[in-house]
Amino acid sequence: GSESPLNGTDVLNATAAKFVATPEGTALAYGSLLFMALLPIFFGALRSVTCSKSKNSSDMPETITGRDAARFPIIASCTLFGLYLFFKVFSQEYINLLLSMYFFVLGILALAHTLSPLMAKVFPASIPIKQYQLLFTQGSGEAKEEVVNYEFDTKDLVCLVIGGVVGVWYVLKKHWVANNLFGLAFALNGVELLHLNNVCTGCILLGGLFVYDVFWVFGTNVMVTVARSFEAPIKLVFPQDLLERGMDASNFAMLGLGDIVIPGIFIALLLRFDISLKKNSRTYFYASFLAYIFGLGLTIFIMHTFKHAQPALLYLVPACIGFPVLVALIKGEVTEMFRWVRRPHPLHPKPRSLSISLSVCMLVCQSICMSLSLSLSKRLSVCPSSVYDCLSVFLSDHHPPLPHPYGPHCIFLSLHPPTSEL
């Protein structure tokens, strides 16, 4: 604890032997993270079909074109480098305060949107439903333009209250369950609302982010500098010592949301392509979904075998693209697959920068965590996969004297590499 005369490295090494994940605990953590990763992809893809047909402005998706996909890695790189400069020039406490408020508001909205369909089914019929509208405009007269037009009703208001409770819980306690609720909501909303317009665009996006991941993780130390002070619910976590400590567990394995959302929007695209064929089958969706399971499982296996951090996109990109293309070759539908273009609804508004910025932030944070894992492993001469359990210490938005939000033992090493390195 804070009374120990040992330095940080000594504390890490001295406590590593005490907190060793059992095989059962490691298997539970791996399996739970894999299961949680599949939930937003599966349900987000199903909801993306309904979303693409919606006429409600608050539910309309954002279409990513080929040009957007090509610029996405560049935008993410600029965002990352901009954060790097901000942390160099300004006090990290103020920046983290802004980032915390940003994700706090986004988390409430994302969780409320996620719960909305469920609330519509269970909301008591005896309670009257009232309609509300939040409207912000700029200009006047004929030059007046809508900036925000958010329509909601009593059911949505209840969802916002629930999201607010979870948000306060996360801000005050930083409990891993609250973190996961926000993380799952972010991932599901990303898969549901970010739509690729065709398969070629998906290939450009996945290929570009593959290069982005490799360059920023292995080519520079920019991510390491930014990661030391960045905290946000942009990862799913699951304790490896849950069986021993219950809800107070503190030795976490983690999985970044970037490895869920980026392949997830491509899988959702293939589901919509399946529906466009009007053959009453979901061949390409199931093929890509199984490809994701295979790719993520292979990443965990390679990482666990070689005890070295692995960028998941290295395995997910070839799997998620290769499996559906192979199926198309077998069925003789390659040309049809790559020529199919999703036509946006004529009422759909221009792309919302909010969801794009959220996706960029998740992608940047994902790569930051990977880079810091590798860097610290070299400095401490320990397994980089184990070092990933230390990330939350450097990502905290509290002052150093305060206890870590996931508990005092979150930083300690384990013998088994967590999926947080993905």
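Placement of Cβ uses the backbone N, Cα and C atoms for every residue, glycine included.
A TrEMBL annotation is a machine prediction, not a hand-curated record.
Noted in TrEMBL for the protein shown:
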| type | residues | note |
| --- | --- | --- |
| TRANSMEM | 27-49 | transmembrane segment |
| TRANSMEM | 69-87 | transmembrane segment |
| TRANSMEM | 94-115 | transmembrane segment |
| TRANSMEM | 154-172 | transmembrane segment |
| TRANSMEM | 193-218 | transmembrane segment |
| TRANSMEM | 252-271 | transmembrane segment |
| TRANSMEM | 283-306 | transmembrane segment |
| TRANSMEM | 312-332 | transmembrane segment |
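Counting residues 6+ beyond its ends, the transmembrane segment (94-115) has Cβ neighbours under 8 Å at 83, 86-87, 156, 159-160, 162-164, 166-167, 170-171, 181-182, 184-186, 188-189, 229-234, 354, 358, 397 in the same chain.
By the Cβ criterion (under 8 Å, sequence separation of 6 or more), the transmembrane segment (312-332) is not in contact with the transmembrane segment (69-87), since fewer than 3 such pairs are found. Residues 48, 51-52, 61-66, 68-70, 72-73, 76-77, 80, 261-263, 265-266, 268-270, 272-273, 311, 313-314, 317, 320-321, 337-338, 340-342, 344, 355-356, 359, 363, 367, 370-371, 374 of the same chain, all 6+ positions outside the transmembrane segment (193-218), place their C-beta atoms under 8 angstroms from a C-beta of that stretch. Remote same-chain partners of the transmembrane segment (283-306), defined as residues 6 or more beyond its termini with a Cβ less than 8 Å from a stretch Cβ, comprise 30, 34, 37-38, 41-42, 45, 259, 263-264, 266-267, 270-271, 273-274, 312, 314-316, 318-320, 322-324, 326-328, 331, 337, 385, 416-417, 419, 421-422.
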